[in-house]
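Trainee: Quick one: the structure is below, questions incoming.
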Amino acid sequence: MKKPDYLKWDEYFMGIALLSTERSKDPSTSVGACIVSQDNKILSVGYNGMPIGCSDDDFPWNREGSPYDTKYFYVCHAEMNAILNYTGTAMHDAKIYTTLFPCNECTKALIQKGIKEIIYMCDKYSETDSVRASKRMLDASGVTYRLYEPINKDITLSL
Ligand SMILES: Nc1nc(=O)n([C@H]2C[C@H](O)[C@@H](COP(=O)(O)O)O2)cc1CO
Ligand SMILES: [Zn+2]
């Protein structure tokens, strides 16, 4: 008989998104994303971080202050990095697992790339205009989104 407690697809892909958050240097919110084809092949992963060449040590991680001195002008979102990290050409009808609901800017890009489903773990900015706009676009374009339902399984990675 096969092992009963193996990871289901959702757990596997959200697990990879979650592991990717560990690469983020953002002191307040670490985000991870994993793009998966319809037939469950991993296409790409990403996490929020500064653009190539923009040192994590020199660029600001502040949330407040003049926009020029906050992270918001510089940081690449996990979802955008996952899109940009993909080097293939077949993202159509894919799905994205993300630890945080996508903002309006990433949502535009996800729609344009042909992503058809978003599975998210957290929607802590649901009241913001950005996320409201994301849902407006997703609803209009027929892209579905659903909250990931966690299982009661702790995975410990000892490296
Ligand atoms: N969907 C998202 N993906 C992301 O990668 N981010 C990133 C941008 C920032 O680095 C961080 C949010 O910082 P804070 O405002 O919670 O301190 O997460 C943010 C969102 C929210 O829409
Ligand atoms: Zn975004």
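Using the three backbone atoms N, Cα and C, a Cβ is placed for every residue, glycine included.
So TrEMBL says this about it:
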DOMAIN    8-145  domain 'CMP/dCMP-type deaminase'
BINDING   His77, Cys103, Cys106  Zn(2+) binding site
ACT_SITE  Glu79  active site, proton donor
Trainee: List, in sequence order, the residues of the same chain other than His77, Cys103, Cys106 whose Cβ lies within 8 Å of the centroid of the Cβ atoms of the recorded Zn(2+) site.
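Mentor: Other same-chain residues with Cβ inside the cutoff are Ala78, Glu79, Met80, Pro102, Asn104, Glu105, Thr107, Ala109.
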Trainee: Any idea what the Cα distance is from the residue listed as 'active site, proton donor' over to Cys106 (Zn(2+) binding site), rounded to a whole Å?
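Mentor: One finds 6 Å between the Cα atoms of these residues.
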Trainee: Cys103, Cys106: which of these binding-site residues has the sparsest Cβ neighbourhood within 10 Å?
Mentor: Cys103
Trainee: When the domain 'CMP/dCMP-type deaminase' (8-145) is classified with DSSP, how many of its residues are helical, how many are strand and how many are coil?
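Mentor: Here the numbers are 49 helix, 27 strand, 62 coil.
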Trainee: These are the recorded positions: His77, Glu79. Which one scores highest on other Cβ atoms within 10 Å?
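Mentor: Result of the Cβ crowding comparison: Glu79.
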